[in-house]
Amino acid sequence: MLLILLRNLAKVDLVTSECFDCGDAFGHGRFQHCLFILTMVSMCAMHCHTLVFGLISGDVDHWCKQPQGEVMMSAASWRNVAIPLDANGRFSRCTVYVYPGNPNDTRVVGCHQWDYDPERERSTIVSQWDLVCNRRPLLAVAQAVYIAGSLLFMSFVGLIADRVGRLPVLLLTVAVLQLATMGGCFAAAYHVYVLSRFLNSGCVATVTVLSSTLLFEASTHKHRSLHLCAAMTVGVLMAEGWFAVARLLRELDWIVLQSLMLSPTVLTLYAFTAAHESPRWYVAKTDIASAEMVMLSAAKENHFPLATTACMVEKLKEEVAMGEKRIKITGGDFAGAHELRHRALVMFSSSFAVTFTMFATLLLDAQVSSRVNSWFQWASHGADLAGSALLILAIRRITAPRLLVATLGTLGGIAGLVSLTFTFKDYLLTSLLFLLVKPLVYACNMLVFTTVMSVGAAAVRCATICWLFGFGRLGGACAAVLFAMLDMKRGDVLFALAGMSLFGMMLVQLSLPPKHDVLILSSECATAKNKSAVEYMKHTLDTPVIYKRDSRRKSRVSIASSRGPGSEINSMDRY
């Protein structure tokens, strides 16, 4: 709620929690490596949950079932006698003759039970719960519920994580995710399956957001965008590779196939070992004692000097006290709060546009790949791999906001070209452009995620990220609704809208003023005291020499001697 209520947001110290570099406070090493792995497997699990529905909900040939109590015929004989032909000369899937075998009465009626192609009957949930003909909208319901799960969870989970901490929310959702995933894999009823997808969507999104936040808040300022993008990119590539393997086994029973596809979910249990509460969140809550415990633990894991960590904690105590005084005197930082909210709203809109494009791509991907040769799937995986490598190389040299603007413009232009190829039904050119769209849209998603991390402060970061994710899912829902309303054939309209929205967001991003950098506390606080003490000892030992060279220097040293070493150190600290 702080993002909405500007007056309350202005009274929160948004600066102190961002004023230190974790590399200076507790180094870089095993502490961050564990969070990197956790973010990677969380992203992999979330992408697996997104992809699995398309794997187990494929279409299967079906026809009206023979009524019980009549003379049973073979499937071929029944179809020849009782099933009418449609306009394309194929057997109808949803109607049957009222009086089969009577050539003088060709009236047809809809049916409520079906037989399925025995070769694929067990490989899809369509045959499991008769999701065909008049029941086919239930497939869309299952997908809509999945999107609604993440939307609902994201609306409040971030607020809770900012209030009670990232760690307790993360561990709770990891536990619920394991149970919900197992329930969905062995669901015997449609409503149980839909409920499990609702919980899976919300929980896996929460785990991904919180693990990413912990990684970002524990990484060094120089490399945190790189670490976050690399972890997310590797996670997506792992899921895509796992999906490619699962597609080769799609003749298996759908329960086995889903269990195989969602097996990476168990890796998120690593959170119970790898995750620690964010020290930045503790600083934002002015709980310096708890922040000190986490930072000292991290320093020990990273083999970092504990004295330097302790000194940084002392500086943070001073900064927290100064921040509280500053807010009391000024009544709140309204300019900073307004800037944060404005940038967050721009990033929310960007997430909507990018996720709209991503869902449009995923929804039309099957149509495009079915019209070209089998090379498309393998070329798509190669393009994803190349795009991910280019993203990681680029973000080492270019800041995430600048790279996001360039990627939005490029993706918007290609989306416009895809719209034209759909209009002229040039499916070969469409498939080639799709090889560029998928890696670009994944890169855009990660850059939006990374950029908004640096926009927010620790006090409101989880809420900001969760709402960003929610706006993205809303964009995906809009793409799915338009896809259904346009009879799943108007890819030109979907990509025209996507291209315009992406170009619009690129222009808005360009109009944003440069972000003010937070002054980072120096890491030399501990060594400065040691150096000043050594210098004082040199002055006292070499006093006769200094007297001869400069009488004014003599007076300075004598004054320093009268103050004592402690007073000189304190005077140096003020500078």
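We count from 1, first residue shown onward.
The backbone N, Cα and C atoms fix where each Cβ goes, glycine too.
Curation plays no part in TrEMBL annotations; they are all automatic predictions.
According to TrEMBL:
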SIGNAL    1-17  signal peptide
TRANSMEM  35-56  transmembrane segment
TRANSMEM  138-160  transmembrane segment
TRANSMEM  167-192  transmembrane segment
TRANSMEM  198-216  transmembrane segment
TRANSMEM  228-249  transmembrane segment
TRANSMEM  255-275  transmembrane segment
TRANSMEM  344-363  transmembrane segment
TRANSMEM  402-420  transmembrane segment
TRANSMEM  467-486  transmembrane segment
TRANSMEM  492-512  transmembrane segment
REGION    554-575  region 'Disordered'
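Remote same-chain residues near the transmembrane segment (198-216) are listed as 32, 35-36, 38-39, 42-43, 45-46, 49, 145-150, 152-154, 157-158, 161, 166-167, 169-170, 173-174, 176-177, 180-181, 183-184, 224, 227-228, 231-232, 265, 268, 271, 275-276, 278, 449-450, 453, 461-462, 465-466, 469 (criterion: CB distance under 8 Å, separation of at least six residues from the stretch ends). Counting same-chain residues at least six beyond the ends of the transmembrane segment (167-192), those with a Cβ under 8 angstroms from any Cβ of the stretch are 45, 129, 131, 138, 157, 160-161, 199-200, 202-204, 206-207, 210-211, 214, 255, 258-259, 262, 265-266, 268-269, 271-272, 275-278. In summary, the transmembrane segment (344-363) does not lie against the transmembrane segment (228-249): fewer than three C-beta pairs, each 6 or more positions apart in sequence, are under 8 Å. Across 35-56, 255-275, 467-486, 492-512, the stretch most heavily in contact with the transmembrane segment (138-160), judged by Cβ pairs under 8 Å, is 467-486. Here the transmembrane segment (255-275) has Cβ contacts under 8 Å with residues 34-35, 37-38, 41-42, 44-45, 48-49, 51-52, 55-56, 123, 166-167, 170-171, 174, 177-178, 181, 184-186, 204, 207, 211, 214, 238-239, 242-243, 246, 249 of the same chain, all six or more residues outside its ends. Annotation: stretch 35-56 has the most Cβ pairs under 8 Å to the transmembrane segment (228-249), among 35-56, 467-486, 492-512.
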